[in-house]
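Accompanying notes for the structure given below.
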Amino acid sequence: MKELPQEYYQLLEEIQAADFVLVELSLYLDTHPNDIEAIQQFNQYAQYSKQLKQMFESKFGALQQFGNSFSDANWSWGTMPWPWQV
Amino acid sequence: MNEKHQKSFTTVKSYRPFHSRYDPCKPIGVKYYSTPPNLFLGFQPPNLQQFSAKEALKKGTLWRFFYDYYENPYEKKGR
Amino acid sequence: MWFYEKKLQYPVRVSTCNPKLAKYLIEQYGGADGELAAALRYLNQRYTIPDKVVGLLTDIGTEEFAHLEMIATMVYKLTKDATPEQLKEAGLGEHYVNHDSALFYNNAAGTPWTATYIQAKGDPIADLYEDIAAEEKARATYQWIIDMSDDPDLNDGLRFLRQREIVHSQRFREAVEILKEERDRKKFF
């Protein structure tokens, strides 16, 4: 299997960072459902995460299963390295 | 409004287990235990200071208050 | 319904080839206070807990599977290139004979995972206090594994996981407060 370019790791880390903020905010909002500012921050990051993932997926294939990501003609879901391999 | 002050508590505590004259081994001296920030906050107030997304990922939390770096206290303080 | 996203929550790196550590890491894979126990415990409790707390149990339970995957990645990286000789030296000879380098849900002592590690009393306060205790136990276990490891990259990942336990403990404590229903009550002094 070919090696992954540096760009893969860089973009992936951006996504991991944005998604981590979303997880933290989700847990916070689960116990603080009325914090409007937190909800705003959540939605901002949700938007940002989607943008990053679109970029990532166009270069490196689908991130989500069952149609939550579109597939390319090669069904990259099965061909790109798996997270514990990278 | 609600500025959670710089930490007025410590996150590592220590104690000395009793050493008996009949104990076979050299005494460990001091034992340490962790008292992480979640013990001291109560219900999280809004607007606590946040890390940047990248920093938050590295550190494991979005909020500065909860960050509690762990290192082996026995190695650090020498035994 | 569950979905899988093809990425780790946190970029796991292991810098030293030291399969011995895999034996200790597996404690958080198939052990009593490990990530599998956590995920199954929270996801199972949520069916019979008051609505206002179901979201939290669902979200934390789901995050625990991501942590399980991180531990699996650490173990995988440490054992995938090991020869049987190296595994034997690492104290994993018994494991190899049964599993080769396949992962399995047991603890560091080799005891297989069991549902007796978790509980669901159906009493929200009992369930949440079990959850708080579970998070503190997991936090402590990560401390002990960090103590046993001198791999700086691996320890970064372990510190991340320990930090997550601190935040989870915080949220479960808040859930108890929510269920006490004292928060919006007017207090008279």
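Using the three backbone atoms N, Cα and C, a Cβ is placed for every residue, glycine included.
As given in TrEMBL:
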type	residues	note
BINDING	C:GLU35, C:GLU64, C:HIS67, C:GLU135, C:HIS168	Mn(2+) binding site
BINDING	C:ASP59	Ca(2+) binding site
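Overlay of TrEMBL feature records on the structure.
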residue	record	Cβ within 10 Å
C:GLU35	Mn(2+) binding site	24
C:ASP59	Ca(2+) binding site	19
C:GLU64	Mn(2+) binding site	24
C:HIS67	Mn(2+) binding site	26
C:GLU135	Mn(2+) binding site	24
C:HIS168	Mn(2+) binding site	27
Cα-Cα distance linking C:HIS168 (Mn(2+) binding site) and C:ASP59 (Ca(2+) binding site), given in Å to the nearest integer: 10
Cβ-centroid neighbours of Mn(2+) site C:GLU35, C:GLU64, C:HIS67, C:GLU135, C:HIS168, 8 Å, sequence order: C:ALA38, C:ALA39, C:ILE60, C:GLU63, C:ALA134, C:ALA138, C:LEU161, C:ARG164, C:GLU165
Secondary structure of C:GLU64 (Mn(2+) binding site) (DSSP, helix/strand/coil): helix
Cβ under 8 Å to chain A, applied to binding-site residues C:GLU35, C:ASP59, C:HIS67: C:ASP59
